[in-house]
Each structure stands twice: as structure tokens, then as C-alpha cells.
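Straight from Swiss-Prot, the features:
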BINDING   R50  O2 binding site
BINDING   H54, E60, H102  Fe cation binding site
BINDING   E60, R106, E116  substrate binding site
BINDING   C131, C134, C168, C171  divalent metal cation binding site
Amino acid sequence: MLPPALNIPKWLEANSHLLQPPVNNYCVYHPSSPATAGYTVMIVGGPNARTDYHINTTPEFFYQYRGSMLLKTVDTSVSPPVFQDIPIHEGSIFLLPANTPHCPVRFKDTVGVVMEQPRAEGAVDQMRWYCRGCGEIVWEKQFVCTDLGTQVKEVVEEFGADQEKRTCKACGTIAETRFKEGEIVQPPRFVE
């Protein structure tokens, strides 16, 4: 028998406490569940101001349920890479192409839904930090994704605990693990 539809407002009423830093997400449909055909569906809350960029071998679908978010991306198909901020407003959707470095910045009292396709067996995810001084890669780690929530947290904590990993080899700038308060401006809630 198929499970019932998930009512987002009711789910949030009962479970919003599960959306905790540093990842702020909860997997409502896990890829190992038979009914999901391998898809991962997460409810993600704010605030989340991590500076890492995630690289996934499959596209990611974003639906912004409440409030607005900013999806920081890097186009690595050109040289030098181009940094682009994509606002995703309440009620909006966005499909991020596979292998696009992205840093989702979520603000207080915002909620979104993210859906990921099944990864190929042995597919490698990456977490990457870029230098905010010169744009070079400061540090990155590759891993086979089996549990996004716990693995991302572990990589973020590993990076944050090691100043050598956080130091840019090109210019010496020390990368932070979080944006400073007020450094990122929240896009308008709705499309203007």
C-alpha cells in the first residue's frame, strides 16, 4: 500500500525541531524506502549560513515553501569560474544542473523542499570551500554519499576544526565556515 501524502504545514507543526544546524534538514523520503524509487526528499529550514559548496552528480530540485533563500552557485565550465547568486522566492522552484557547485543560504523562518535523484553506484559527492579573497579552491573533500545529513556535518566540522585546511594556498586568506551576521542579504519573499 502506498503511504499517504505528506502535509507540509502539519509536518512542520510536529517536526520543525528536527531542522537543526549545521545541516538544518530532515529526510522525509529516504532513498532506501521502496516507494521512493531511490529519490531523496528533504525538508530544509533556516537559518543556515554555511560557506561550503556541495557538488552532486545528479540534478537537485528546489521548491521554496516559505520565505526566500539564496542559492550561491559556481559555473565551472568557464575559466575563470563565474560565481552567481540565484534568489529562490516563496512559491518558486529551481532545477540545479548536475555537478554544479552550490551553497544554499537559508534565512530565519524559511522552509524549502529539496529533491535529489538517485546517485549511481559509487558516485562521488564533493564539499568545497572557495577563497572569498581570490576565488581559488581552499579545500575540498570527496565522499560516496550514503547519508547526506551526517556526512555533510562531519565534513563541515572537519574543515572548521583545522585552520591549515581553511587557509588559502594562493593568497593566505583564512576561510570561515559561516557567513557573518548580515553579510548576506535575504532576497524579497516574493518575486517583485
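Every residue, even glycine, has its Cβ placed from backbone N, Cα and C.
Everything Swiss-Prot records as a feature, shown here on the structure.
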residue	record	contacts (Cβ under 8 Å, 6+ apart)
R50	O2 binding site	P22, C103, V156, T177, R178
H54	Fe cation binding site	P101, H102, C103, D125, Q126, M127, R128, V152
E60	Fe cation binding site	L95, L96, H102, V114, M115, E116
R106	substrate binding site	N24, V44, G45, G46, P47, N48, A49, M69, G112
C131	divalent metal cation binding site	I137, V138, C168, A170, C171, T173, A175
C134	divalent metal cation binding site	C168, A170, C171, T173
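Using the Cβ center of H54, E60, H102 for Fe cation, the list of other same-chain residues with Cβ within 8 Å runs, in sequence order, Y53, I55, N56, L71, L96, T100, P101, C103, P104.
All protein chains shown were included, and the count of other CB atoms within 10 Å of the CB of E116 (substrate binding site) stands at 21. In the three-state DSSP reading, R106 (substrate binding site) counts as strand. Residue pairs drawn from E60, R106, E116, the listed substrate binders, are separated by up to 18 Å at the Cα level. Other Cβ atoms within 10 Å of the Cβ of C168 (divalent metal cation binding site) number 20 in total over all chains. The divalent metal cation site is set by C131, C134, C168, C171; from the centre of their CB atoms, other residues of the chain with a CB within 8 Å are R132, G133, G135, E136, V138, K169, A170, G172, T173.
Around the Cβ of H102 (Fe cation binding site), 19 further Cβ atoms fall within 10 Å across all displayed protein chains.
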